[in-house]
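Visitor: Sharing a structure below in structure tokens format, with a few things to ask.
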Amino acid sequence: MDELTVPHASAWRVALLPLALRWLIVVRRTLPLLLAAACGAALALAFAPWSLRWAAAIGMVGVAALFSIAPSPRQAAGIGLCAGAGLMTAGTTWIIHAIEGGTSAAPWAVAPILAAFVLISALPYGLMCWLGSWLVPLEAGVLRMRIVRAALALPAAWTLAEWLRGSGPFALPWMLTGTAHVPDGVLAGWMPVLGMFGTGWLAWTLAGGFACAGLLARQRRMLAAAVVAALPPAVLGLSMPLASIAWTTPESFPLHVRLWQTNHPQGEKWNRTIADATARELVDWVEHAPPHSVLLTPELVMIDPWQMLPADWTDHLKQALADRDNTLLLGIPGADIATHRLFNTLTAVGPHAREAEPQIYLKERLAVFGETLPAKALLGWLYARAFAWPLQDLSAPEPGENTPLLYADGHVLAAAVCFETAFTRSGAQRDARAAFIANPSNDAWFSSTRYQMHALQITQAAALETGKPILRANNVGYTAVIRPDGSLQSVLPSSVAGELTADVIGHTGTTPFARAGEPLIIGICCAGLLLAWRLGRRRHPSSFD
């Protein structure tokens, strides 16, 4: 019996051995991807409301270490893709409610839209990590190339990926590394100098430095590891004095502002009964406002275009403003009757407008699927079945059609509707003449306090980038007055109806970032990739044949 059993057991071992080897190969290939996704998810902890920057630092060092040892560009692309997917999945859970409730999407459309959102958001990370790895190929045991990857290639690649994700018609400014350091992070002082993307690049460079120290320590080069590990803290120490520099000039007299938080859920916003009640509340608010005030409403607080409102209603509103010498900055749709276009606008009404008619700022950056539908001519049949919400196809202004600056009570204001504060690289927010940025917004789409805090953090970053105070009136929260240094002068609680009043000192002039813009940091990143390529080519002249 024993003689028959032993060969039988050996046969099982021989049969299972290939399966075990295949399983080990699969684990070896997928484990770095799973670790990258976990590190990407850790990055989300750096943003408001958690602000756990130490957890994000661990995740960033982990991504740098995984990227530095990726054996092929394909593996490096997978690491970048998984890290980006982990970041967007963990960091933007509010998108589920926006799809379900904000857009009134059909139930079957939620999962495909969410998957497409995460994939599209993560693709730039995979693409740029592939490029960075291809520029710096590895050979077994080559420590120098791993250091070049972590210190030069990854910071440039990740920053360019964020820039790609934050640009173009599908741009969404969520979960950008630089934002996590606002308002009180050690690197926040770099925001007026390098901007949001530049501050993120610096953070990734520091993380790459720590990863390089770990690589050196593994090779028992302890002195070199200690020197490299000391460089990031030194940079952090040099960053602190930057936060105390005032880049813009305060005005001589304040602006008295009153910001209205209506607290209307997204589902009620388009109800005609609610809309009519809001119109009455607006008139009552204007009639009881003290003199010499600037009144700011949330985004699209009215649902009917200004040009289609009854003349007696608009005349009464203008007269109430003139009687008190006030200016109303009204978030309302706008209509071009001749071209049959609708806009999302901030309309300045009152005696301080330079023209007889109201000044109208037209929102330039529209939220995809929320305000505009891509390829509607081709996919209109699908949109009709998947979505149901009003104002789903707004227009952006043509070049030269917009009003760049608004005037109120002797002050010049730049307008930025909703998430346009994340795009300080364009528009009037960089104009030296503007003393304030008026930011009507509506976060009821997402029904998430976490999103509201992240959106507020993005606006605080814009104040730092431009050196100008921001007046933020939000439908559900957080309505706030933000100082030029990104700190909060005053803020209303979330999910309450109310009014925020403040006397705010405007700031004119520009920051270094406002003057140079993003070409500076894009040039730095391209130079970093070029230098990494040159170092890789010098070490491996045959790798690019």
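Placement of Cβ uses the backbone N, Cα and C atoms for every residue, glycine included.
Take a look at what TrEMBL says about it:
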DOMAIN    260-506  domain 'CN hydrolase'
TRANSMEM  6-24  transmembrane segment
TRANSMEM  31-48  transmembrane segment
TRANSMEM  54-70  transmembrane segment
TRANSMEM  77-96  transmembrane segment
TRANSMEM  108-135  transmembrane segment
TRANSMEM  147-166  transmembrane segment
TRANSMEM  186-216  transmembrane segment
TRANSMEM  223-247  transmembrane segment
Visitor: Do any residues of this chain, six or more beyond the ends of the transmembrane segment (77-96), have a C-beta under 8 angstroms from a C-beta of it, and if so which?
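Guide: The answer is 32-34, 36-41, 43-44, 47, 63, 66-67, 70, 110, 114, 117-119, 121-130, 133, 157-158, 161, 174-175, 446-448, 450-451.
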Visitor: Is the transmembrane segment (54-70) in contact with the transmembrane segment (186-216), using at least 3 Cβ pairs under 8 Å (sequence separation of 6 or more) as the test?
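Guide: Output yes: the transmembrane segment (186-216) sits against the transmembrane segment (54-70).
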Visitor: Under 8 angstroms, Cβ to Cβ: which one of 31-48, 54-70, 147-166 has the largest number of such pairs with the transmembrane segment (108-135)?
Guide: 147-166
Visitor: Cβ under 8 Å to the transmembrane segment (31-48), counting only same-chain residues 6 or more beyond its ends: which ones?
Guide: 55-60, 62-63, 66, 70, 75, 78-80, 82-91, 175, 177, 179-180, 450, 453-454, 456-457
